[in-house]
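Peer 1: Please find one structure pasted underneath; my questions will follow.
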Amino acid sequence: MMGLRKMCRGSLMSKIIIGRYIPGDSLVYKMDPRGKLLITILFIWAIFLANNPITYAIITFFCFLAIIATGLKARVFWNGVKPLIGLIFFTSLLQLFFMTGGHVFWHWWIFSISSYGVENAIYIFIRFTLIILISTVMTVTTMPLEIADAMEWLLKPLKIFKVPVDEIALVISIALRFVPTLFDETLKIMNAQRSRGADFNDGGLIKRAKAIAPILVPLFIHSLETAIDLSTAMESRGYRGSAGRTKYRVLNWSKYDLISLAYFILLVGLLLIFRTH
């Protein structure tokens, strides 16, 4: 029973959806990847425009509208937030105990809880959560190759300065694609070591760190082997850099991109109206 519980804990890693594409046929899937990437970047910028409860409520509402528009289950987006929830809480706690200003509720040594700290802790928590959610909307509805094409288009002006935009876009898309692969391989290694009696869940922080250390070597070796296999496959298919290459899939703007642009303009307009100046 204990072994089954540990396996279930480990299976959480297989549910991480960072970098995973989930097939679908909703409005968001029909958007041009360039439009999705641009809207995602601008949406993250808009999150930082919010500075009071009304504006945070507005941008949260629009974020959930985007999630609903994907047609995917809420569990998908929860799995996107869950791996980083500890980091979000930690960042919020730093704001809570070290941010000063307003009415002080509690104070001890260098720590204090004030009205300004509570407010900022809540805002930081919402802000990071929304950034992860809207980024998840982008990654689960867009194939890695489409993300690469969108990044290449977005970075195209840098070609004037001789920046290798095509290669940068390819590297980023490959990195996104191999995030879930690394998680899956980590899970396999952990399960193999559990079958040999390894325990990754019991003990303090130092003991857990020592238990995880043996995973790093085989994971590093597997990453190198995967990189070599990928480079060999690309070279065998005649890849010599992206310069001069044609596109199999031609990207075209559609009415769905105009709808999303109007959606974003409405969001920014509401934020500018209701934010505290």
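Cβ coordinates are placed from backbone N, Cα and C, and glycine is handled just like the others.
Pulled from Swiss-Prot, these are the listed features:
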TRANSMEM  39-59  transmembrane segment
TRANSMEM  61-81  transmembrane segment
TRANSMEM  85-105  transmembrane segment
TRANSMEM  121-141  transmembrane segment
TRANSMEM  163-183  transmembrane segment
TRANSMEM  254-274  transmembrane segment
Peer 1: Count, for each of 61-81, 121-141, 163-183, the Cβ pairs lying under 8 Å from the transmembrane segment (254-274), and report the range with the highest count.
Peer 2: 61-81
Peer 1: Mind checking which residues reach the transmembrane segment (39-59)? Cβ under 8 Å, same chain, six or more beyond either end.
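Peer 2: For the transmembrane segment (39-59), the list is 66, 123, 126-127, 130-131, 134-135, 137-138, 154, 260-261, 263-264, 267-268, 270-272, 274-276.
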Peer 1: Please report, as numbers and ranges, the same-chain residues at least 6 past the borders of the transmembrane segment (85-105) whose CB is under 8 Å from any CB of it.
Peer 2: 111-122, 124-125, 128-129
